Amino acid sequence: MIRKSRARAGTRAASTRQLVYEGYGNPPEAIQLKSVNIAETPAAGQVLVKWIAAPTIPGVYPVKPILPAVGGNEGFGKVISVGSNVTSVKEGDHVIPNKSGLGTWRELGLHSESDVFQIDQNLPLEYASVFQVNPPTAYRMLKDFINLKTGDTVVQNGANSAVGKHVIQICRILGFKSVNVVRNRDNLDELVKELKNLGADDVITQEELYGRKKKFPGVKLALNCVGGRSSLFLASLLDHGGCMVTYGGMSKQPVDCPTGPLIFKDISLRGFWMSRWYDVQKTSEKRQEMYKELAEWMKSGEIVKQEFVNNRLDDHVKAIENAQNKHDKKQLFLLD
């Protein structure tokens, strides 16, 4: 529901609430819930978006916004109205941010046309709210670095992360085998069962990786989000001409690589950041093609829905604290 109020000079304004970063400190303390008025009618080249849902997990990014800034890098919304000269979206379209940093923790947003990107409006909320980062990250890493063929093997650490689970499912869909490394834990059997239900061929612990207790021939691609010792042993599994792609560093340790495979197997090391991929695309064709394929897999159920804990803006302190401290389920703001 859009709350209207009088703006100066007799124009109409819409009242909206948003979560604003006032500083770079601890998010639960630095973020404030504020009410602001925005123009009800978009200017030329602008779109008015009713944001519907946005995940709450805080991240660390190389570029910090100028403060104060509305939080939220992901989410989806519905276009309420468009200004003149807008051609890429229309009223009723569902959209996501065109790139990170737009600020989705708000009920309404007045944005430039270039700030948003249209997605399939039949995509259920659980998929649409996290459509921008994790599924595309898995998709691009499997598509862009090695020409994988049916039966080839992909190995990854952090396999129980959101990206990791998408890697498992896309490997299953495309006919690749996946070897998945996870940390040992009390509920390991339960986690192994969950990942195998998604399509994992093998699930091993870090200790099993370090102990070289299992052999995995034909590994063409390794996906690393941990770094340190884990990346060293992950790279050692690569076959001739294989590639290790690093997209995270959860251990906060440098990426290590074994000298022997680097020289004698001619393996390569690459880095990947989804935001950078979006930035360098000169046209929208690859992005549209990727979104179309991902949406089809999601609507058919080949990629399963994530489980969320739903929150309202009023509960932002608790939601953000849970996002920082509890990692079994993703926290989601319902904004509609």
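Any Cβ shown, glycine's included, is placed from N, Cα and C.
Caution: TrEMBL annotation is automatic and unverified by curators.
Features reported for this protein in TrEMBL:
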{"type": "DOMAIN", "residues": "64-96", "note": "domain 'Alcohol dehydrogenase-like N-terminal'"}
{"type": "DOMAIN", "residues": "162-283", "note": "domain 'Alcohol dehydrogenase-like C-terminal'"}
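Only residues 6 or more beyond the boundaries of the domain 'Alcohol dehydrogenase-like N-terminal' (64-96), in the same chain, are considered here, and those with a CB under 8 A from a CB of the stretch are 2, 18-24, 27, 31, 41-56, 102-106, 108-109, 113, 116-121, 123, 125, 128-133, 333, 335. Over the domain 'Alcohol dehydrogenase-like C-terminal' (162-283) the predicted model carries a mean pLDDT of 95. Break the domain 'Alcohol dehydrogenase-like C-terminal' (162-283) down by DSSP state and the numbers are 51 helix, 25 strand, 46 coil.
Residue counts for the domain 'Alcohol dehydrogenase-like N-terminal' (64-96) under DSSP, split into helix (H, G, I), strand (E, B) and coil, are 0 helix, 12 strand, 21 coil.
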